[in-house]
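Below is one structure, written out as structure tokens; comments come after it.
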Amino acid sequence: MIYILLGIIQGIAEFLPISSTAHLILAPYFFNFPDPGLSFDIMLHLGTLLAIIVFFWRDWFKIFYGFLRIVKNRRVKHIVDKQIFYLACATIPAAILGYALDDWADTIFRKPLIIAIMLFVFAIILYISDKYSDSTKTRLNLHWQQALIIGCAQAFAIIPGVSRSGATISAGRFLGLSRTEASKFSFLLSAPIILGAALGHLKNNGFSNLLTINTLMGFLASFIFATFAIKWLLGYVNKHSFGLFVWYRIILAGIILILAT
């Protein structure tokens with residue numbers, strides 16, 4: 001039951017700008033059951049990866065078809081094909097930093113105090129970016145340099161409490177993307193990072209710690225609830241600001257500081 005609960009938490013929190021990893025770490029810490037560790041986190045992230053693939057299957061089809069078109073023509077002829085380069089540019093910084101700080105991800109960064117600080121700091125960043133954005137661009141109007149900036153923001157998400165979606169959405173809003181466009185680009189951008197992290201884990205540890213009954217239950221729960229979370233968030237931000245998540249992060253940071261000190 002615990003592993004299903006963690007899968008539900010992951011599925012909901014992965015795409016809301018509240019840091020799913022922070023919640024997965026804090027749940028065992030405050031409710032006195034063992035931290036499942038990074039291997040279980042990765043399996044839950046694979047559940048959310050499947051949700052991204054299924055929910056955005058039309059976008060992935062266009063991206064794949066665009067890739068074939070670029071290979072054939074050896075140049076970008078359609079604006080929609082630029083998504084491939086934007087995703088690549090935005091993935092590079094996170095991949096480099098994730099590889100460099102991999103040893104810290106499962107130790108130092110998982111401390112409650114660090115999580116609380118990151119929740120608060122990036123709540124303020126999310127608020128400022130959302131309030132003062134002019135919201136004039138779609139993700140197809142980005143330049144590769146701007147995609148790289150969003151990727152640099154994503155790199156900070158290796159620290160629990162930052163929130164990968166929160167960091168990338170904030171960067172997108174600073175660069176003028178609408179709430180919906182910033183969210184969609186953030187979701188699509190998560191796919192190569194999650195896949196890369198999973199492949200890296202498999203290379204170092206194999207399948208032994210991943211394919212268990214507990215992790216598979218968590219995987220299924222995260223997939224189902226992530227799919228609903230994506231649909232809900234895209235509908236919500238079409239009519240509302242990110243203020244709800246800003247206040248949630250601040251309140252959660254305060255609770256963590258009180259309980260952990």
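Just so it is clear, glycine is given a Cβ too, placed from its N, Cα and C backbone atoms.
The transmembrane segment annotation in TrEMBL covers 12-31 (among others).
Feature annotation from TrEMBL assigns transmembrane segment to 37-57 (among others).
If you look up TrEMBL, you'll see 84-101 (among others) marked as transmembrane segment.
Within its own chain, the transmembrane segment (113-130) is flanked in space by residues 17-19, 22, 25-26, 156, 159-163, 166-167, 169-171, 173-174, 179, 241-243, 245-247, 249-250, 252-254, 256-257, 260-261, which lie at least six positions past its ends and keep a Cβ under 8 Å from the stretch. Per TrEMBL, transmembrane segment is recorded for 113-130 (among others).
Residues or ranges marked as transmembrane segment in TrEMBL: 182-199 (among others). Within its own chain, the transmembrane segment (182-199) is flanked in space by residues 14-15, 42, 45-46, 48-49, 52-53, 55-56, 59, 83, 86-87, 90-91, 94-95, 98, 139, 150-151, 154, 164-165, 168-169, 172-173, 230, 233-234, 237, which lie at least six positions past its ends and keep a Cβ under 8 Å from the stretch.
Listed by sequence, the residues of this chain that lie at least six past the ends of the transmembrane segment (211-234) yet keep a Cβ under 8 A from its Cβ atoms are 3-8, 10-16, 36, 39-40, 43-48, 50-52, 54-55, 180, 183-184, 187. What TrEMBL lists as transmembrane segment is 211-234 (among others).
According to TrEMBL, the feature transmembrane segment maps to 240-260 (among others). Same-chain residues lying 6 or more positions outside the transmembrane segment (240-260) and placing a CB less than 8 Å from one of its CB atoms are 16-19, 26, 29-30, 112-113, 115-117, 119-120, 122-124, 126-127, 130-131, 161, 163, 166, 169, 179.
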For the transmembrane segment (12-31), distant same-chain residues with Cβ under 8 A (at least six beyond the ends): 5-6, 41, 44-45, 48, 110, 112, 115, 118-119, 126, 160-166, 169-170, 183, 187, 190, 222, 225-226, 228-230, 233, 242, 245, 248-249, 252, 256, 259-260
